[in-house]
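Novice: The structure under discussion is supplied below as structure tokens; questions concerning it will follow.
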Amino acid sequence: MKHIINCSHYTRLLAYAFTIFLQNHKVCYAPPTVRIVHSGHACNVEEERFSERVYTIREGETLELTCLVTGHPRPQIRWTKTAGSVSDRFQDSSVFNETLHIAKIQRHQGGRYYCKAENGLGSPAIKSIRVDVYYLDDPMVTVHQSIGEAKEQFYYERTVFLRCVANSNPPVRYSWHRGRDVLSQGSDKGVEIYEPFFTQGETKILKLKNLRPKDYANYSCIASVRNVCGIADRRVVFRLTNKTASPSIKLLVEDPIVVNPGQTVSLVCITTGGEPTPVLTWTSSSGALPEKSLVKDGTLTLPAISSEDAGVYSCLASNNVGNPAKKSTTIIVRALKKGRFWITPDPYHNDDNIQIGREVKISCQVEATPPEELVFSWLKNGRALRSSERMVITQTDPDISPGTTNLDIIDLKFTDFGTYTCVASLRGGGIPEISIDVNISSTTVPPNLSVPRGKSPLVAREGDTMELECLVSGKPKPIILWSRADKEAPMPDGSMQMESYDGVLRIVNVSREMTGSYRCQTSQYNGFNVKPREAVVELIVQYSPAVEPVWQEVRQGLGRPVAMTCRVLRAHPSRVLRYEWRLGSRLLHAGHFDSRDETEYTIRSLAREGYGEYTCDVINEAGPGRCTFLVTGKAYAPEFYYDTYSPLWQNRPRVYGYKLQWTQMNPNTVDRIMAYRLGIRQTGQQRWWEQEIPVDGNMQRGELITHNLTELIRPEAYLVRLTPITRFGEGDSAIRVVTYSAPINPHLREFHCSFEEDLICMFTQDKNDDFDWTRHSAATRDTKYTPNTGPGGDRSGSKQ
């Protein structure tokens, strides 16, 4: 049976802002309201101005914040966070849940947390709370010494500064002890305690002036945050002796170290001074040490070294006295790579060809590490070639063109034709040499570049693999460089230029962004050092139409009109487009686009056989783009009402009842709702119990329907499923949980509770009031007005 209730009682507080929703007393829609309540392990919760709160928690404890909302339909809840005040920036994250739970909270997770609730009515409701994470790290003492000496040798002074630093929140307080004695400003003429003005309480310095015998002792720095959140004080001890000194070290290796790939390198670092004994660590200029590296007793071992391991390695020694000591060495790993050559015709006659009687230069280049070990040699037809008046061998200035050698042939003769070989090697050995052959003959000619017939423009479809080709002639054939000619854009591999040895650029899985002009260009490498030859290839990428909507659900009742529109967003080619409307596999309508970019299909009166999946294929040469419309008579899901006042009642000890209330989402969109199928299942069980709830008459948007659930077993929770039924059939279902909480009923005299349980005797917070009850076990915090008040234990004698 359906009950329509006057819901103005539930929305009275929102009457002025949302009068339009309350003109009909059946309307129960209300915008969201939100409050933040807390549980978990809070140290303290304080009110701030403007109704904002500060939640203090100890690092490592569990943060639990719950967002309590009202409003109908049930608001969607989202938790977000801004960055905290600490230097570690916390990226914005979202939690779509009522409860925000962070186990073992860390300091970087402090900051302001926002709960946002929205249900599409009015503005979203937003509340925030600032989470302050308290922590205290172990303090660290650093020691600095200053030795002053007068020119006349009349006096000798040695002053020591002990600096204590600890990371904390809230700010730390420091105290100094010498042995068991507390040191304070003014207690000893030889002692001065102060905070540098620029540190804002971050440190406290103990100055020992003109050291005396009694100053050689154990010094303790105690860092305290005054036991807030139960954080105990932290202590560090430093022993000051007449041998206390800053560290000094020595590297038992050369600098630099030049090695061959595959060798094992050991870097030995030893301490030559320092009290206390310094701690040695190794660092690399590239960041982290190589994964395969081993460190033991100050020795860093790099097995099977490679070029990637080259760089600067530093040994650092620290004992918190003075500045750390640092020694570095550079590891250079021998390498030879990228051998190239180029031929330069007579530069004095601006020739592109080699001619008898003219000069010709052959250049050879490699990348060498270290460059000073690079050695070149030249061969002609396999025999060693030495520099002479007509065969001049030179090496280019490393600052201009590193790793380059030149062979100048003056007054070229027929007898000079042959194969010239450039051999590059390293004096240290251990690296295979690189040989480059260059043929000089009457057939050695500069390159020419062209695009084969029919190879431009090229037409492709998205996803194809395409080969752009430029024919290169000449001897020797140079490397071909490919780049975009129409715009400053990267090539398919992400670089601005790609190399090809055969003149072919292969593009896998072409996309529409790759449409355009591509330039092929001769390189000076492995060819003639002359003006580059160029050619251009056009690539056209066709793609099927992009349409909207890709998928859309259309809900409509029988006998009503339905209009579906499919729009074209992009397509290439875009001028020749046709469309086909289908219901399932049956063709309904087809045609061609005119100047419009959309097509529409209309059903004047929807019949039962008109329900189903409609598709609109928009087609060009590259293929179809498809809009899909699912036309259905399914009713929308019901909207459970969560703000029912006192929904639970209990007339018998072992069972309880629950007032279930809901509204129907968009009831007039489809045919009249005739009934609801109610399913109920006890949590932990598998079986559903079902019944139908009939509905009389037409339902209006916002009508509140009530159904009483009875004979529920206490204290079990239940899953409730509600499904609307029309003449089309079943609609969308909604599921919620009904939980038991003990009602306030003076007639239930058997109810007993000692408030020892975390559930607080199954009491729940009233969402309609303006405050929350919390359960704590802590001393009274207001020390000004109520000092030393409050019980020392509960009725059972427990302090918990």
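In case you wondered, yes, glycine gets a Cβ from its N, Cα and C as well.
Heads up, here are the entries from TrEMBL:
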{"type": "COMPBIAS", "residues": "790-800", "note": "compositional bias 'Gly residues'"}
{"type": "DOMAIN", "residues": "32-132", "note": "domain 'Ig-like'"}
{"type": "DOMAIN", "residues": "139-224", "note": "domain 'Ig-like'"}
{"type": "DOMAIN", "residues": "247-330", "note": "domain 'Ig-like'"}
{"type": "DOMAIN", "residues": "345-441", "note": "domain 'Ig-like'"}
{"type": "DOMAIN", "residues": "447-538", "note": "domain 'Ig-like'"}
{"type": "DOMAIN", "residues": "545-632", "note": "domain 'Ig-like'"}
{"type": "DOMAIN", "residues": "751-800", "note": "domain 'MAM'"}
{"type": "REGION", "residues": "778-800", "note": "region 'Disordered'"}
Novice: Roughly where does the domain 'Ig-like' (32-132) sit in mean pLDDT, to the nearest integer?
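Specialist: Within the domain 'Ig-like' (32-132), the model's average pLDDT equals 81.
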Novice: Mind checking how the domain 'Ig-like' (345-441) divides into helix, strand and coil residues in DSSP?
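Specialist: The domain 'Ig-like' (345-441) comes out at 6 helix, 48 strand, 43 coil.
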Novice: Mind checking how the domain 'Ig-like' (139-224) divides into helix, strand and coil residues in DSSP?
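Specialist: When I sort the residues of the domain 'Ig-like' (139-224) into the three classes, I find 6 helix, 48 strand, 32 coil.
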Novice: Treating G and I as helix alongside H, and B as strand alongside E, what does DSSP give for the domain 'Ig-like' (247-330) in helix, strand and coil?
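Specialist: Output for the domain 'Ig-like' (247-330) reads 3 helix, 48 strand, 33 coil.
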Novice: So how many of the residues in the domain 'Ig-like' (545-632) end up helix, strand or coil by DSSP?
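Specialist: Across the domain 'Ig-like' (545-632), DSSP assigns the residues as follows: 3 helix, 58 strand, 27 coil.
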Novice: Give the residue counts of the domain 'Ig-like' (447-538) per reduced DSSP state, in the order helix, strand, coil.
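Specialist: Once the DSSP states are binned, the domain 'Ig-like' (447-538) shows 3 helix, 43 strand, 46 coil.
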